[in-house]
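Trainee: Dropping a structure here in structure tokens format, bear with me for questions.
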Amino acid sequence: MTDEEPADRDDDSDSTPELELDAVYDAIDAVGRPHLTATEFSRKTDLTPDEARAALERLADDGDIERQDVSEVESVWYPTDIAEVTDRERVVLFPDRREVVVEHPDQFTRAQLSQFARLQDTNRSGGYVYELREEDIWAAPHESLDDLLTTMRDVLGERSPHLEEWVTSQWERARKFRLKTHEDGYVVLEAESDDLMGNVARPKLDDDHLRAPISDSESWVNEDATAEIKRTLYEAGYPVRDDRDLETGDAIEMDLRLRLRDYQQDWVERFTEQGSGVFVGPPGSGKTVAAMGAMAAIGGETLILVPSRELATQWRDELVRHTSLTDDDIGEYHGGEKEIRAVTIATYRTAGMDRHRKLFDQRKWGLIVFDEVHHVPSPIHRRSADLQTKHRLGLTATPTRESDDEEEIFTLIGPPIGTDWGKLFDEGYVAEPEVEIRLVPWGDETEQSEYSSTSGHDRRQAAASNTGKIDEIRYALAENPAAKALVFIEYLDQGEAISEAIDAPFISGETPHARREKLFDEFRRGELTTLVVSRVGDEGIDLPDAELALVASGLGGSRRQGAQRAGRTMRPAGDARMVILATRGTTEEDFVRRQMRHLASKGIRVTETEAEAVEPPAKTE
């Protein structure tokens with residue numbers, strides 16, 4: 001050994017690879033725990049064990065990681081900020097099960113996943129489980145298969161030939177059948193191949209659906225049966241593309257008085273190209289305004305279907321405010337009024353009644369707008385889906401129904417348009433709500449004993465009506481003294497008790513229409529800062545300035561209602577907060593967590609806290 005050798009080793013030590021801290025995080029992710037040994041680090045990098053140890057020591061000298069000796073020959077290394085590791089996003093793909101498990105996903109990741117997968121489960125430690133279903137691929141809002149696969153690779157961080165082969169097959173499956181208009185004006189069902197027509201379509205469809213074969217791959221369609229054809233083939237696993245020439249109706253003169261946002265203009269252009277579709281976006285994203293843009297683009301007489309008279313009145317007001325239409329151009333058709341004009345707004349219930357049906361069928365509508373489109377799958381509203389010869393536009397933030405048949409919306413109305421919520425949050429068009437599940441202790445032991453001794457509906461009502469929630473509502477309102485607040489309830493007795501306790505008006509289905517309108521208007525103008533609202537407030541009532549939504553009873557609601565209630569706070573400016581109260585240790589806990597999955601799947605972070613017992617404020621003389 002020469003005298004120069006030690007110096008050479010010093011030079012080698014100076015050339016130790018300078019790795020970024022992210023390399024340690026990546027290695028920790030790979031080993032699956034928040035610490036690692038130098039040997040493990042070397043296996044996850046291109047370094048030798050000595051180089052790995054030297055690199056770790058350099059990071060330790062810089063204060064980025066810590067060292068803990070666990071034996072005479074071995075040490076473990078971990079980041080100084082251990083929380084950064086435990087809260088770090090991890091995406092794990094299980095291609096055979098078509099599942100994606102994500103720990104601590106950020107908003108963008110959740111928004112991307114929602115475009116091709118369905119959130120199945122969440123847990124309190126920040127884990128999300130997504131499932132890729134056939135329906136998710138069929139309805140993916142992408143222009144091409146390449147666009148869809150690019151989104152998947154971006155969020156998954158890897159390519160899975162097995163999964164991508166399945167996705168490709170489902171994407172192609174959704175393009176095996178299409179409806180088109182023959183040059184002679186009648187409707188044709190076209191299959192991609194003779195085998196598909198002969199072995200799938202014709203055995204499942206009878207003479208009521210198909211009039212006669214045109215060729216081995218084409219059949220003449222009974223036009224009144226187009227909705228049933230779509231439904232039947234969808235159930236067989238073959239969604240049908242609708243490329244028919246749709247009716248435009250008698251022309252109307254209508255101009256917008258405002259400029260559409262870029263994404264709204266994109267929605268309108270995609271809709272006019274397709275002839276049908278569903279605008280899916282968070283409340284506050286301007287779906288109604290975009291629908292007016294679609295009305296102007298189609299330029300034909302328009303029928304607008306809504307779930308309530310209140311929403312019909314709102315539509316009329318917004319049309320007069322934002323377009324060149326006048327009151328004389330707009331009719332309302334429901335229990336209060338029955339006028340059919342160039343633009344007519346009707347309730348789903350009235351439009352579906354036999355004695356009123358001919359009035360709507362005989363009018364040559366160019367466009368049918370289905371507001372709150374999640375109503376369409378309900379049996380009471382199913383008739384509205386039979387208006388298949390028109391341009392069809394659905395509007396919703398939440399296509400979810402508890403029966404999980406939301407896919408029918410996209411089959412009978414059209415494919416989704418504009419489903420990326422995360423982009424709208426990031427660009428500031430919509431305020432991302434802060435959603436909190438707050439677990440509340442019982443108000444007194446008597447209520448808890450009553451819950452334990454009952455079952456069924458009585459048990460659910462006992463948990464929902466826990467009087468401990470009244471004190472928590474007072475506390476939440478005191479936390480947000482300047483916020484305009486909506487308190488949602490499920491049971492009338494509970495609503496009246498809360499209304500009296502916080503001195504705020506209570507609006508329910510029993511409230512006369514005129515008084516409801518008066519209270520809503522006072523809330524909009526800021527003359528009232530708090531309202532207690534039953535389910536009547538869940539369907540599109542325009543309360544644009546609500547900053548706080550308090551849900552006092554979760555067991556009576558659905559995932560759709562949960563998203564709508566959060567939507568009362570999701571507006572383009574200001575703070576947005578939603579607090580769901582659930583009685584600790586009851587079935588209400590798990591129900592509320594399931595209820596919030598839809599919001600979580602759209603990129604909204606849902607947190608959970610334990611409420612302390614709150615002493616009611618002392619009464620003043």
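The backbone N, Cα and C atoms fix where each Cβ goes, glycine too.
Here's the feature list from Swiss-Prot:
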- G281, P282, P283, G284, S285, G286, K287, T288: ATP binding site (BINDING)
- 268-417: domain 'Helicase ATP-binding' (DOMAIN)
- 469-621: domain 'Helicase C-terminal' (DOMAIN)
- 441-465: region 'Disordered' (REGION)
- 371-374: motif 'DEAH box' (MOTIF)
Trainee: Enter the number of other CB atoms within 10 angstroms of the CB of G281 (ATP binding site).
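Mentor: Here the count is 27.
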Trainee: For K287 (ATP binding site), which residues of its chain lie six or more apart in sequence with Cβ-Cβ distance below 8 Å?
Mentor: F279, G281, L395, T396, A397
Trainee: If you count CB neighbours within 10 Å, which one among the binding-site residues S285, T288 has the smallest count?
Mentor: T288
Trainee: Mind looking up the mean pLDDT for the domain 'Helicase ATP-binding' (268-417) in the predicted model?
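Mentor: Averaged over the domain 'Helicase ATP-binding' (268-417), the predicted model reaches a pLDDT of 82.
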Trainee: Report the member of P282, G284 (the binding-site residues) whose C-beta atom has the most other C-beta atoms within 10 angstroms.
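Mentor: Ranked by Cβ atoms within 10 Å, first place goes to P282.
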Trainee: With every protein chain in view, how many other Cβ atoms are within 10 Å of the Cβ of G286 (ATP binding site)?
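Mentor: Excluding its own Cβ, the number within 10 Å is 22.
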